[in-house]
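Taking it in order: structure first as C-alpha cells, then the write-up.
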C-alpha cells in the first residue's frame, strides 16, 4: 500500500466536503440563512424574468441581457446551494470525483458567463449613451448571436481545460475538501502530483475574465459618466452618478471576491478556511441576491410593473 501511495497508483474517487470546520457544530443553524437566501434568489430572479417576458416594451437588448443574468443567477445558485443544505442538515457530505468535476465545471462556467453578460451590459449602456444614433445598427440580432457564440466558446473552452487538468490529477492523500462545493483550487490542493499547470490555468482564468472584463466595464462606465455629467444637470447628474456607482460597486464585489477565492491558494495567501469558504459562497450568492434589486427593482419600468401586479392581486384578494 505504501508503494502505491508513493507511486501515485492510488487515487481517491470519493471526496468529503468540510465547509466551515471551525463552526461545524452549528452547521444546522447555517442552513437557515442559506435557505432563506436561496428562496430570495429564486423568487427575485424568477419575478424579474417574468416581468421582462410579459412586457413587450422591455424586449430590448438591455433587458434581454438582464433576463439572461437572472437566469444564470438562478442556475448557478442551484448548482451549489441545495447540496450545501443537504450537507448541513443531513450530513450528506460525500461526492464522487465525476460529480465534483461536473459541479466545478458548471459553477465556474456560469460565473464566467455572468462576467460576459456584465461586460455586454456595460457596453450596451456605453453605445446607447455615447453613440445613440448608431445603437440600433450596432446592437442587433446578429450582434447578439455573435455575443452568444463568443460566450460559449470563451467560457466553455477555458473551463473545459481547467476541469480537464483537475481531473487528470491523482489524489492519494486526504480526500477532505475544505469547502462547501467543488471549487477548483480546493480540489487541486489535495493532489499529490505536480500542479503547476493547474495553478497557471487558474491565473489564466483570472487574467481572461477579471483582467480583461473589469477593465472594459470600468472604461465603459467612466465614459458613460463623462457624457452624462456633461449633458445633465442638478438631480439628473446625481441620479446618473448614483446608478453607475451602484452598478460598479456590485460588479467590483463580484470580481474582487471571486479573485480572492480563486487566487488564495495559487499565491499561498493565508486565509482561514471558514473565511475562504464564506467568500467562495458569497462570490456566487451575493450577486444572485442583489442583481434583481440593482437591475430590476431600481429600474423604473420594471418597478412600476411589479407594483401594478401586486396592487392588482391585492385588489382581487380584497374583493373576494
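Each Cβ is built from the backbone N, Cα and C atoms, and glycine gets one as well.
Look at TrEMBL and you will find 30-51, 63-85, 105-123, 144-166, 200-219, 240-263, 275-297 tagged as transmembrane segment. Residues or ranges marked as domain 'G-protein coupled receptors family 1 profile' in TrEMBL: 44-295.
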Counting CB pairs under 8 Å, which listed stretch among 105-123, 144-166, 200-219 touches the transmembrane segment (275-297) the most?
105-123
Can you work out which residues elsewhere in the same chain, 6+ from the ends of the transmembrane segment (30-51), have a Cβ less than 8 Å from its Cβ atoms?
20, 23, 58, 66-67, 70-71, 73-74, 77, 81-82, 84-85, 88-89, 281, 285, 288-289, 291-293, 295-296, 302, 305-306, 309
For the domain 'G-protein coupled receptors family 1 profile' (44-295), provide the mean pLDDT of the predicted model.
86
So which residues does the transmembrane segment (144-166) touch in its own chain, when a touch means Cβ under 8 Å and the partner is 6 or more beyond its ends?
61, 64, 101, 104-105, 108-109, 112-113, 116-117, 120, 184, 187-188, 197-198, 201-202, 204-205, 208
